[in-house]
Amino acid sequence: MEHTYQYAWVIPLLPLPVIMSMGFGLFLIPTATKNLRRIWAFPSILLLSIAMVFSLHLSIQQINGSSIYQYLWSWTINNDFSLEFGYLVDPLTSIMLILITTVGILVLIYSDDYMSHDEGYLRFFVYISFFNTSMLGLVTSSNLIQIYFFWELVGMCSYLLIGFWFTRPIAASACQKAFVTNRVGDFGLLLGILGFFWITGSLEFRDLFKIANNWIPNNGINSLLTTLCAFLLFLGAVAKSAQFPLHVWLPDAMEGPTPISALIHAATMVAAGIFLLARLLPLFISLPLLMSFISLVGTITLFLGATLALAQRDIKRSLAYSTMSQLGYMMLALGIGSYQAALFHLITHAYSKALLFLGSGSVIHSMEPLVGYSPDKSQNMVLMGGLRKYVPITRTTFLCGTLSLCGIPPLACFWSKDEILSNSWLYSPFFGIIASFTAGLTAFYMFRIYLLTFDGYLRVHFQNYSSTKEGSLYSISLWGKSISKGVNRDFVLSTMKSGVSFFSQNIPKIPANTRNKIGSFSTPFGAKKTFVYPHETGNTMLFPLLILLLFTLFIGSIGIPFDNGVKDNRILELTILSKWLTPSINLFQENSNSSINSYEFLTNAISSVSLAIFGLFIAYIFYGSAYSFFQNLNFQNSLVKKNPKKSFLDEVKKKIYSWSYNRGYIDFFYTRVFILGIRRLAELTHFFDKGVIDGIINGVGLAGFCIGEEIKYVGGGRISSYLFFFLCYVSLFLFFIP
């Protein structure tokens with residue numbers, strides 16, 4: 001087994017040969033390399049597959065052997081200082097290796113078809129392969145300085161991939177925003193690393209954990225200083241994992257190609273922050289004040305992300321806010337000491353979210369022939385709808401990913417999210433209430449995404465629409481072919497207008513007898529008559545979706561109890577994941593309340609599933625198709641009749657919708673306070689530099705010039721003038737000197 005561990009350092013290096021080969025090919029034989037560009041996908045996938053096989057072997061060894069292996073090389077600079085670097089293989093490392101390689105391979109396969117017509121195909125594969133290499137290096141690092149090195153490489157790759165289409169101003173701005181926001185966290189991370197090096201004289205994890213186990217409980221060091229340094233480390237995780245208040249870069253990161261959005265949100269960049277916190281949890285758990293702060297940040301993030309996802313029109317931005325919310329759940333779990341639940345949700349969420357993002361890419365790919373190659377149109381859910389009959393395979397996989405994220409059993413995220421909810425209730429009712437309420441919101445906004453995309457009719461064709469036969473699609477009504485007369489059409493149409501609002505908008509009521517006089521519903525693009533419809537993507541893009549579907553269906557089984565064990569006179573239900581994580585959990589005392597019996601699990605499961613079903617129910621009422629059972633019962637019409645006039649409740653709804661759609665005005669606040677504030681400070685500094693500093697210097701020079709101009713007339717070449725001034729200066733000298 002140790003022989004296998006000795007070669008674990010090869011895993012991060014495996015994707016490098018193809019990166020170097022593509023680079024040399026573009027430099028030496030660019031024409032041939034570009035002509036044969038599709039060939040380069042195969043070695044990229046092959047080498048990452050070898051890394052995956054190696055990672056699986058290491059994971060099996062970890063599960064069977066339950067050991068931690070670390071190998072170090074020492075570089076002695078002088079007698080007082082030496083730099084150690086190496087690799088660490090433990091359960092956390094093996095989990096992340098499998099996660100990165102499996103999702104990375106599927107994204108590479110998907111990208112081969114998705115990016116096939118893009119001029120930057122080779123550049124994309126170079127970036128994404130280097131992204132995988134950087135993340136693999138990050139998770140195998142044995143000390144903080146190595147983590148920081150690969151941390152920066154991950155940030156650089158994300159910058160390049162988010163701004164992949166850099167000719168688009170929005171994409172260029174998005175990558176700059178991600179870069180600057182992450183610099184805040186990276187600066188904190190660097191300060192924290194330097195602080196702990198000053199305290200311990202080492203950057204190795206074993207030395208930091210020694211502090212946690214021995215020095216801090218015995219007041220061996222200044223706990224306030226340690227808490228400050230640990231907080232700075234946490235700040236790096238906050239920025240990387242898009243936690244409040246450094247979450248603003250994540251939705252804008254959707255300007256990159258969809259495959260990289262899947263990789264960032266599933267297994268690489270946003271997972272790096274959670275990984276760092278999980279790696280250092282034996283240190284953090286000895287600082288109760290910081291742990292409470294971590295759980296608070298996670299709670300705020302999970303709720304904020306869910307509320308901001310309620311009214312988004314862009315399918316990828318909606319999923320981005322969903323990622324932000326789910327990362328908040330993981331951060332909450334780590335903050336309350338539920339190490340296993342956090343990693344379990346990291347695994348299940350990664351595969352479910354990769355499935356959703358690649359599914360959204362398939363939807364975007366199918367919409368582009370209709371609306372053009374513009375993200376503002378192809379990603380706009382207002383223009384979708386009814387895609388279930390055009391892309392049935394994508395629809396099925398997307399639905400499974402949606403239900404998984406909603407927490408519907410037996411899909412993957414149900415098992416992990418339910419464990420987090422249970423532990424949060426045991427830790428604090430406040431956290432439990434917010435986490436449970438957000439679980440219902442998650443079901444609402446995720447099913448909203450599904451309904452707007454796949455349910456109803458294809459709305460892009462409702463252009464210059466009229467109910468008369470002169471209309472382009474006169475036979476298809478926005479409210480269905482046969483709607484009960486009792487249904488208020490305005491209520492249904494309100495979900496189509498005003499950006500597919502989260503709440504119904506107050507639109508003047510149309511009497512039933514004016515059905516044939518309904519005005520047009522138009523979109524500003526496309527031909528008046530078109531018979532182009534979306535179509536299913538190719539097998540190369542569907543294959544990763546089907547594999548991820550299998551993961552979504554069955555990966556939750558690693559957290560299902562299969563045996564009972566006894567520890568400290570308590571019955572513990574063992575799972576594959578708990579057996580896998582045993583060496584890591586032994587480094588610290590995990591929350592003792594995390595073990596619950598079958599009855600408690602069933603009670604909690606019924607509660608969480610009920611919340612999810614209620615969220616699905618509400619979403620179906622608001623965004624279901626015109627054939628909705630509730631519409632036929634005049635349910636919506638009864639809601640409208642209760643408030644026929646504009647009321648205070650309508651104003652509240654509009655305010656909430658506006659707040660959600662405008663991202664809580666957080667970006668606006670940052671723009672006003674930080675961007676404009678710094679710009680005005682720069683202008684003031686520029687004015688002071690030019691007006692005051694340069695003014696003084698230029699004034700001295702100008703004064704010298706003027707004095708020189710006056711004095712030069714004294715030297716006219718006459719000896720009498722020279723003698724006169726000479727005698728004057730001598731007289732003054734003799735007069736003042738005694």
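In case you wondered, yes, glycine gets a Cβ from its N, Cα and C as well.
As given in Swiss-Prot:
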| type | residues | note |
| --- | --- | --- |
| TRANSMEM | 9-29 | transmembrane segment |
| TRANSMEM | 39-59 | transmembrane segment |
| TRANSMEM | 89-109 | transmembrane segment |
| TRANSMEM | 147-167 | transmembrane segment |
| TRANSMEM | 185-205 | transmembrane segment |
| TRANSMEM | 219-239 | transmembrane segment |
| TRANSMEM | 258-278 | transmembrane segment |
| TRANSMEM | 280-300 | transmembrane segment |
| TRANSMEM | 354-374 | transmembrane segment |
| TRANSMEM | 396-416 | transmembrane segment |
| TRANSMEM | 610-630 | transmembrane segment |
| TRANSMEM | 717-737 | transmembrane segment |
The transmembrane segment (219-239) vs the transmembrane segment (280-300): 3 or more CB pairs under 8 Å: yes
Cβ-Cβ under 8 Å with the transmembrane segment (354-374): same-chain residues at least 6 beyond its ends: 103, 106-107, 110, 114, 258-259, 261-263, 265-267, 315-316, 319, 322, 380, 383-384, 387, 390-391, 394, 397-398, 400-402, 404-405, 453, 460, 525-526, 530, 532-537, 541-542, 544-545, 548-549, 551-552
The transmembrane segment (9-29) touching the transmembrane segment (258-278) per 3+ Cβ pairs under 8 Å rule: no
